C-alpha cells in the first residue's frame, strides 16, 4: 500500500511556517496602522472599516490575540493587551464613539449576539487562558537565560487577568438576549439598553445554539453560573424542537418556539450548532445530555442530508422522502463538517467528504460561497471567496488524526517525515494561492468572484481575479491560525501535556 503523495519536504514545511508568520504580520500590522481602533481594515484602500454585525472597537485585535501567542509573538501580545487597556479607559477619545464611561463596550450599538460571542467573548477568554498557561510560567523558571524571558514578553510585564474582566463585561451585556419565553436568545442586543426596540423574534439555529462553550467557560472562570445556564438552556430548547426525523430548521421564533424556516442542513445558519454539541461534550462531559443530543442529530444528518460524500439541505419535516431530495449545493461553511466528524472518530467518511470539497477547490482555485455539485458550476450569486477557514480547519483535524500513518507502509523509517500527511499538500496549495491572489498593500482581500477560467486556471494571472475591499477578522484568527498549526507539529498547543485544548467555532483554543 502506497500513499498517493510523497511527504511534503521539511524544507517546504519550514518555509511555509516562515511565510505564514510574515503573512500574519502583514495583515496584523496593516490593521494596526490603517484600521485600529475600527473593527477592521480595508485591505485595498488602507482605510478603517466597520463590521456591521459587531460595531465594537478593536474587533480584529481582540480576535487576533490568541494567534499572537500561538505564533510565538509574546511581546506584541503584551502590547496588544495594554492597547486594549488604554482603549477601555479612553474609548471616547480613541474612537470618536460616544460613551458615558464604563469601558470600551459601554456603547449605544446593536450587535449580533452570535458574532460578538464567538469573536469578542471567545477571543478574550482564549487569550486569557493562553496567557495564564504559557506567558508567565516560562519566565518564572530561573534556569532559563535572561534572553529566553525577553523572547516571551518584557520581563517587567506580567499578565494580570485584565482580559477576563473585559470578557465578563461583554458577557453581562449579552445576557439580556436570553430573556425570551423559550430561552432561545434574540439575535441582536444593544450593548447598553438590552433588546432593541422592534427587534425580530426570529433567530437562527447557529445563533441560538453556538453560545455554550464561551458562556459556560465564562461562568466557571468567574463563578457566575448564570452565563452557562442561559446558553445551555438555549441549546436544549432548540433540541426539544427537532423533527421526528432528528432534523432542525434554520430559523426559529424565540417566543413561540415555532420554526420560521424548515430547511435543514449543515451549512449557513446551522453549522456551528452541531459543532458545539460535540465540543461541549468534550470540554464539559459532566453536562451529560450533550452527547446523546449529538448522536441523534448526527444520525438525522446522516440519514436525511447525506448524498454519498456530499451533504445537501432538506426540509426538516419530510427529509429526503417524496419531493424532499437534498439540494445539491455545497456551501463554503459546510466544509467544517469533516473536521467535526474527525472529533467523532469518523475518519474515513470525513476524509472522503473533504476530498470531494477539495475537488471544487482544485477546479476553481478557491472554494466559493456556493457551488452546485449536481451541475458542477458555481451556484447563482455564490462566486465570492471570503477567505473562510473551514476547509483548512478540516484539513488540520484530519492531519492531526492521520499524520505518520502513511509512513508505516514505506520501507525503512525516516523520522523526519513521521509526522507528515497528505493533508500538508492541500494546505500548501491553499497557502500559496492566497498569497498569490489575495495579498494587497494593506492585508489580504476577499475575492469578488472565482471561476475555472480565472482563478482556477493553471498559471492564472492575478490581474484576472477581482478583489473585494474587505479582510474579515477571522482571516487572522482562523484561516492563518489553522494553516500555521497544520505545519507546526511542535506548537505549544500540540506539546502541552497539562491541558486539552478545544477550538471554538472562531478557532479560539480554550480548556477546562
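Note that Cβ sites are derived from N, Cα and C of the backbone, with glycine treated the same way.
Annotations in TrEMBL come from automatic prediction, not curation.
Among the features that TrEMBL reports, active site, proton donor is placed at 115 (among others).
The Cβ of residue 271 (active site) has 23 other Cβ atoms within 10 Å, all protein chains considered. As annotated by TrEMBL, active site applies to 271 (among others).
Annotation comment: TrEMBL describes 369 (among others) as active site, proton donor.
Sequence-distant contacts of residue 390 (active site), defined as residues of its own chain at least six apart whose C-beta falls under 8 angstroms from its C-beta, comprise 332, 333, 334, 335, 336, 339. What TrEMBL lists as active site is 390 (among others).
The Cβ of residue 505 (Ca(2+) binding site) has 25 other Cβ atoms within 10 Å, all protein chains considered. For 505, the entry in TrEMBL reads Ca(2+) binding site.
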When the Cα-Cα distance from residue 271 (active site) is computed for each of the recorded positions 115, 369, 505, which gives the smallest value? 505
Please work out the number of neighbouring Cβ atoms within 10 Å of the Cβ of residue 115 (active site, proton donor), leaving out its own Cβ. 21
